[in-house]
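Heads up, the thing below is written out as structure tokens.
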Amino acid sequence: MIEFDNLTYLHGKPQGTGLLKANPEDFVVVEDLGFEPDGEGEHILVRILKNGCNTRFVADALAKFLKIHAHEVSFAGQKDKHAVTEQWLCARVPGKEMPDLSAFQLEGCQVLEYARHKRKLRLGALKGNAFTLVLREVSNRDDVEQRLIDICVKGVPNYFGAQRFGIGGSNLQGALRWAQTNTPVRDRNKRSFWLSAARSALFNQIVAERLKKADVNQVVDGDALQLAGRGSWFVATTEELAELQHRVNDKELMITAALPGSGEWGTQREALAFEQAAVAAETELQALLVREKVEAARRAMLLYPQQLSWNWWDDVTVEIRFWLPAGSFATSVVRELINTTGDYAHIAE
């Protein structure tokens, strides 16, 4: 298995170094649900600003304040503890009376707004996230500047970030032990983390191998292509390659890579043979995913940060702003810019 730090770069290994997250204010995340609260219903959507506390901790504190069980407070995604983050929590509070959430107090946390909503906010139910990152102590401004320009055109690999695999790769190591011993894992969180790490590592490996090709975005026979921003895909045939290539070049279509698991992977012929060869050595992880009935899926191979802009405060400090769809990792963008001295594994998704 390829270590995360050794995965293939789209723009070549960065020439310079830099510091990511010198302080929490250097990593700002604003959650974008993609919808507004209904204004009625048995749930309350609460938009919070937090610094120095993780999402679960705030959710538990909110439940205690509202005198409801912790499982009655949900969220669309975990946000980093060591960052300034803005996100929505959802509390189930039936009844006509609206609690006064302006009285909710928690160090490092502020309620920005709240309103009634008809449906529970479920994990993953967000459109994306807007990021404002500050890279400090940048050693090669010209290289970073050129990379930012190139990323606007060519994007970055849509790798799962190192944080998906746990500190020191602990989640992936857990998956490997589980695969090798076949010992039942009762802890639901561990099961989820380990299976996710296994599938993500296989995806990363497939993408890393594809990026070694001379023309990364060249459609081949049997590729599974996805309409940009959509989840479904279709298979490319030899007769359509020229037309499909044009649509990929226009970013209307995205080439996808496998999230291996049980069932068909989605590619056929040449593309399927390539993907299978890329992870052929990882038989134990593949067998684990099949055994645990994790369904195979697809994910775009490349990621195009939207609304990408940047501002150099001085020759060694740059502020970068961009928006990413749900499930994508800001650290996969930073990885193409600098050899960072920050710790990826401590950054929540």
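Heads up, residue numbers simply count up from 1 along the chain you see.
A Cβ is built for glycine as well, from the same backbone N, Cα and C atoms used for every other residue.
As written in Swiss-Prot, here are the features:
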ACT_SITE  Asp80  active site, nucleophile
BINDING   Phe27, Asn129, Phe329  substrate binding site
DOMAIN    155-303  domain 'TRUD'
Listed binding-site residues are Phe27, Asn129, Phe329; which of them have CA atoms within 10 A of the CA of Asp80 (active site, nucleophile)?
Phe27
Within the domain 'TRUD' (155-303), count helix residues (DSSP H, G, I), strand residues (E, B) and coil residues, in that order.
73 helix, 24 strand, 52 coil
Compute all pairwise C-alpha distances among Phe27, Asn129, Phe329, the residues listed as binding substrate, and give the largest one in whole angstrom.
13
